[in-house]
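What follows is a single structure, written as structure tokens, with notes after it.
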Amino acid sequence: MKFGIIGNLAKESLYDIVFKLANQLECEKIQFLVQKEIADEIEKRFSKKIESQATLPELLENSDVIVSFGGDGTILSTARLVGEREVPILGVNLGKLGFLAEVSPEEIFEFIKKVCKGNYRVEERMVLEASVKGENKKYFALNDIVIDRAGSPRVINIETYINDEYLITYTGDGLIISTPTGSTAYSLASGGPIVAPSSRVITLTPICPHTLTARPVVVPDDSIIKIQIEFHEKDILLTVDGQVEHKVKPPVEITVKKADHKVKLIKRLEVTYFDVLRSKLMWGMDLRIEKNKNGE
């Protein structure tokens, strides 16, 4: 098994951590490849060349597991890089929340040894595919596709169809179309439900709807969602996982559906999704009880 090591190059702690990890992997004779940009910076800082290095395309093609160092945003971008290859991703948290990241830098070496022994599980996560009518490009999201008013002070009218059946016209700031993975991101902050990652559904959550009756809707994952915006004074913004932006001028039709490929995330055997909800999002916790336990 060969591990491809990539990461957020802007994280200052990345290089020291990868340098130590590479030495540990070499001692254990575990095969690995380090992203060339990381290896080059390590050589500058520590005067040691990492021989097992590769360009990003080479690393993606020749790795059995991608070890991604960074925050949740880094894992989202890694998922797009891996794409249809479906190479399993192991997230290492260098950020704040790290909801998608499975282990800390202190845990990564021991966990890699567990992976080599088969002591792990793989979760398959749904990916969304979005396209704009009249354009050839496709956009893929692990979390969500967001359609909004791109900073305009005026609300937009979003005609929404499910399998060519009219659902509703959302009037407001925009619409979030999310996977179960993305249900704990922007959708949750906008009043959407928490959806277990194994659920075969897509959630539509309006952003600041201009009516009390416009609520989030959950549809089957085989649904074809069509969004039509006939008129707006300014461009509409299509955002993918909060990272990729594409402005379009109305009238516009956007189609969103489940992609043919999935994202595979490596997880610990002993930790469940609901454990992570409780520990990282404090889901279901009563802070009054916690304070009493601490004698406050």
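Using the three backbone atoms N, Cα and C, a Cβ is placed for every residue, glycine included.
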> Do you know which of ASP173, ASP221, ASP222, ASP275 TrEMBL groups with ASP72, GLY73, ASN143, ASP144, ARG154, GLN243 in the NAD(+) site?
Replying inline: ASP173
>> Assuming the binding residues for NAD(+) are exactly those in the record, ASP72, GLY73, ASN143, ASP144, ARG154, ASP173, GLN243, what is the maximum CA-CA distance in angstrom, rounded?
In response: 31
> How big is the gap, in Å, between the Cα of ASP144 (NAD(+) binding site) and that of ASP72 (active site, proton acceptor), rounded to a whole number?
Replying inline: 13
>> Roughly how many Å lie between the Cα atoms of ARG154 (NAD(+) binding site) and ASP72 (active site, proton acceptor), rounded to a whole value?
In response: 31
> Does ASN143 (NAD(+) binding site) have same-chain partners at least 6 apart in sequence with Cβ under 8 Å from its own Cβ, and which are they?
Replying inline: LEU76, SER178, THR179, THR181, GLY182, ALA185, TYR186, ASP241, GLY242
>> Roughly how many Å lie between the Cα atoms of GLN243 (NAD(+) binding site) and ASP72 (active site, proton acceptor), rounded to a whole value?
In response: 11
